[in-house]
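Working notes for the structure below.
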Amino acid sequence: MPEISLRHVVSCSSQDSTHCAENLLKADTYRKWRAAKAGEKTISVVLQLEKEEQIHSVDIGNDGSAFVEVLVGSSAGGATAGEQDYEVLLVTSSFMSPSESRSGSNPNRVRIFGPDKLVRAAAEKRWDRVKIVCSQPYSKDSPYGLSFVKFHSPPDKDEAEATSQKVTVTKLGQFRVKEEDDSANSLKPGALFFSRINKTSSASTSDPAGPSYAAATLQASSAASSASPVPKVVGSSSKPQEPPKGKRKLDLSLEDRKPPSKPSAGPSTLKRPKLSVPSRTPAAAPASTPAQRAVPGKPRGEGTEPRGARTGPQELGKILQGVVVVLSGFQNPFRSELRDKALELGAKYRPDWTPDSTHLICAFANTPKYSQVLGLGGRIVRKEWVLDCHHMRRRLPSRRYLMAGLGSSSEDEGDSHSESGEDEAPKLPQKRPQPKAKTQAAGPSSPPRPPTPKETKAPSPGPQDNSDTEGEESEGRDNGAEDSGDTEDELRRVAKQREQRQPPAPEENGEDPYAGSTDENTDSETPSEADLPIPELPDFFEGKHFFLYGEFPGDERRRLIRYVTAFNGELEDYMNERVQFVITAQEWDPNFEEALMENPSLAFVRPRWIYSCNEKQKLLPHQLYGVVPQA
C-alpha cells in the first residue's frame with residue numbers, strides 16, 4: 001500500500017519548541033510532536049496532504065496520549081474551516097490505560113488501523129486534510145503527543161498485477177531464476193511441497209482409481225491403529241508390519257505429515273509396562289497369560305498403552321482436574337511459574353486455604369499456612385509434585401511428595417488409586433471384590449470409629465475421587481501395612497484402652513463410695529468423649545468477604561485469618577469490589593473515604609468483632625465495633 005505524503009501543517013493548538021508539529025512530516029520516529037506544557041486536556045493538529053487521496057489505513061505511534069481521534073476534511077472550505085466540515089475517520093481509540101497513564105508505562109505504543117477499523121463512509125471518499133485530536137485526562141505530570149503518523153492509500157490493481165507477474169522471474173545478482181511451473185501465479189505457502197507429493201503418488205499408481213483406494217486403506221489403517229494399539233507394545237524393539245510394496249511410497253509421504261508428538265510419546269509408553277511387570281505376583285502371572293491370549297484386546301485396552309498414547313498436549317488440561325492447590329513459601333517469579341503450570345494441568349488456584357482446597361504446595365515447613373493446613377488435616381506436598389506431573393504429562397501419586405509429619409494412609413492412597421488404575425493393569429482384578437474386603441476389615445480386629453473432621457467436613461473433589469479413596473482405604477486395611485501409620489486410629493485405640501482399664505480400679509479398692517454408680521452410668525448409658533464426633537464449626541461468615549488493612553500487633557493477623565477461615569469466610573489479598581468488611585487495628589484513615597466513594601457498602605470494623613463472634617459462636621452486629629472518623 002503506497003504511503004500518502006504530507007505537505008505541511010495547517011494549524012496546531014499546542015506544540016513544544018523542540019518537539020513541534022512539523023516533526024510529524026518527517027519520517028524519523030525519534031522526532032515527536034508534544035504539547036507546550038503538561039496538564040492540557042486535549043491538543044490537535046491539522047495536516048495538509050499533497051493531493052486528495054482515499055485513506056485505506058492509518059499507522060499511529062503514541063507518545064503519552066491516552067486517546068487519539070482522526071478526522072478528515074477538505075481544503076475547499078478554506079483554512080479556517082469549522083468543526084462541521086470534518087468527518088470522523090477513526091473513532092477515539094485508546095492507547096494507554098488509566099493505570100499506565102499514572103505510572104508512565106508503555107507511552108510509545110504503536111497501533112495499525114486497517115480498513116475494518118475505519119469509518120466506511122469516510123474511508124470511501126477522497127480527502128486532502130487530516131485533523132488529529134489527542135487527549136490525556138488521567139495524568140497531568142508530563143506533556144504528551146504523538147511519535148509519528150502515517151496514512152496509506154488503497155493498492156492499485158495495476159500494481160498488484162505487476163507484482164504478481166514479477167514473481168515468475170526473480171533476479172539474484174547476475175542470475176535470473178525462472179519458474180517452470182505454470183501455476184506459479186497462484187503460489188501459496190506449502191504449495192510446492194504438496195505438488196511434489198502429488199507427483200510422486202501419481203507416478204507410483206498408474207490406474208486412476210489409486211488415490212481413492214489409498215484413501216480407503218489410510219482410513220482403515222487409522223481405524224485399526226486407534227482400535228487396537230497392541231503391536232506397538234508387543235514388538236517394541238522390532239519395526240511395525242511392513243505395508244504392501246505398491247503403497248510404500250504413499251505411506252512414506254504420509255509419515256512426513258505425521259506430527260512429532262507420537263514418536264516422543266513412544267519411549268514413555270514403552271518404559272511403563274516394564275515397571276508394572278515386577279509388581280505381578282508369581283501366582284497371578286500364569287492366570288493372566290491365558291486370558292491375554294484368549295482375548296488379546298481387552299486387557300491391553302485397560303492397560304497403560306492406550307492411556308499413554310492418548311496422553312498429549314490436548315489432554316494436558318485434564319491431568320490435575322479436580323485439584324485445588326494453595327501455594328506457601330514461594331517468591332516470584334518462581335511462584336507465578338509454579339501457579340501457571342498447575343493451572344495449565346487443569347488444577348484450580350486459591351490464594352488461601354479454603355474448604356474446597358485439596359493440596360498445599362509448600363516450599364518448607366513451619367510456615368503459617370503449613371501450620372493451619374496441618375491443623376485442619378489437609379494434604380501438604382512439595383513443589384516437585386507439580387513439576388514432575390508437568391514434565392511427565394500425567395498425574396503422579398502425591399504420597400511420594402508428602403512433607404514430613406503427615407502419615408494419613410487413607411488420604412495418601414486416594415491419589416495412588418486413581419493413578420494405579422491408569423498405570424498398572426494387573427491391579428484391576430484385585431479391586432473388584434471391594435465390599436467383601438471392607439466388611440472383613442471392619443470385623444472385631446478393628447473397632448468401629450466415628451467419622452473424623454476430614455471425612456465429615458472436607459468436601460471431596462468429585463464422586464470418582466471419593467470412591468477411589470474408599471477403595472484404597474479398604475485395600476490398605478486388607479494388606480495391613482498402612483494401618484500402623486494412621487495416627488488418629490492409634491490415638492483412639494490408646495484412649496479407649498485407657499478408659500477400659502480405668503473402671504476396674506475403684507471397684508477393686510472399694511473405698512470410694514461413689515465408685516459404683518459412676519462406673520455403671522459411664523459404661524452402660526453415656527458414651528465416652530472419645531467416641532463422640534467432633535462438632536462442626538458454624539459457618540456464619542459464609543458469603544462474606546474480608547480484607548485485613550494495616551499493621552496488627554503480634555500474631556493477631558494470623559489469629560484473624562484463622563477465625564475467618566474457620567467460620568467459612570473469604571479473605572481477599574487486595575482491595576476489590578467483593579470486599580464487604582475491612583478489619584483494621586488503626587484509627588480512621590483518609591484512604592477509607594476514597595474506598596467508601598467507590599463502594600458505599602463497605603464496613604470498617606475492629607478485630608474485636610471477630611473475637612466476639614468466636615466467643616458467642618454466632619454472628620454479632622458489626623455496628624458496635626465499627627471504626628468511625630474522629631470529630
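Every residue, even glycine, has its Cβ placed from backbone N, Cα and C.
Swiss-Prot lists 225-238 (among others) with the feature compositional bias 'Low complexity'.
What Swiss-Prot records for 242-259 (among others) is compositional bias 'Basic and acidic residues'.
For 278-294 (among others), the entry in Swiss-Prot reads compositional bias 'Low complexity'.
The annotation compositional bias 'Basic and acidic residues' is assigned in Swiss-Prot to 299-308 (among others).
Residues or ranges marked as compositional bias 'Basic and acidic residues' in Swiss-Prot: 415-426 (among others).
Residues annotated as compositional bias 'Basic and acidic residues' in Swiss-Prot: 490-501 (among others).
The annotation domain 'BRCT 1' is assigned in Swiss-Prot to 315-403.
What Swiss-Prot lists as phosphoserine is Ser142 (among others). Cβ environment of Ser142 (phosphoserine): Ala38, Gly64, Gly104 lie under 8 Å away, each six or more residues apart in the same chain.
Positions annotated as phosphothreonine by Swiss-Prot, on the basis of similarity to another entry: Thr200 (among others).
Per Swiss-Prot, phosphoserine is recorded for Ser206 (among others), and the stated evidence type is similarity to another entry.
As annotated by Swiss-Prot, phosphoserine applies to Ser261 (among others), with the evidence given as similarity to another entry.
Annotation source Swiss-Prot lists phosphothreonine at Thr281 (among others).
Long-range C-beta contacts of Ser371 (phosphoserine), restricted to its own chain and to partners at least six residues apart, with a cutoff below 8 Å, are absent. Look at Ser371 (phosphoserine): DSSP puts it in a helix. Residues or ranges marked as phosphoserine in Swiss-Prot: Ser371 (among others).
The phosphoserine annotation in Swiss-Prot covers Ser408 (among others) and is backed by similarity to another entry.
What Swiss-Prot records for Thr452 (among others) is phosphothreonine, and it gives a large-scale study or a structure entry as the kind of evidence.
Annotation comment: Swiss-Prot describes Ser460 (among others) as phosphoserine, evidence class similarity to another entry.
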For the domain 'BRCT 1' (315-403), how many residues does DSSP put in helix, in strand and in coil?
37 helix, 15 strand, 37 coil
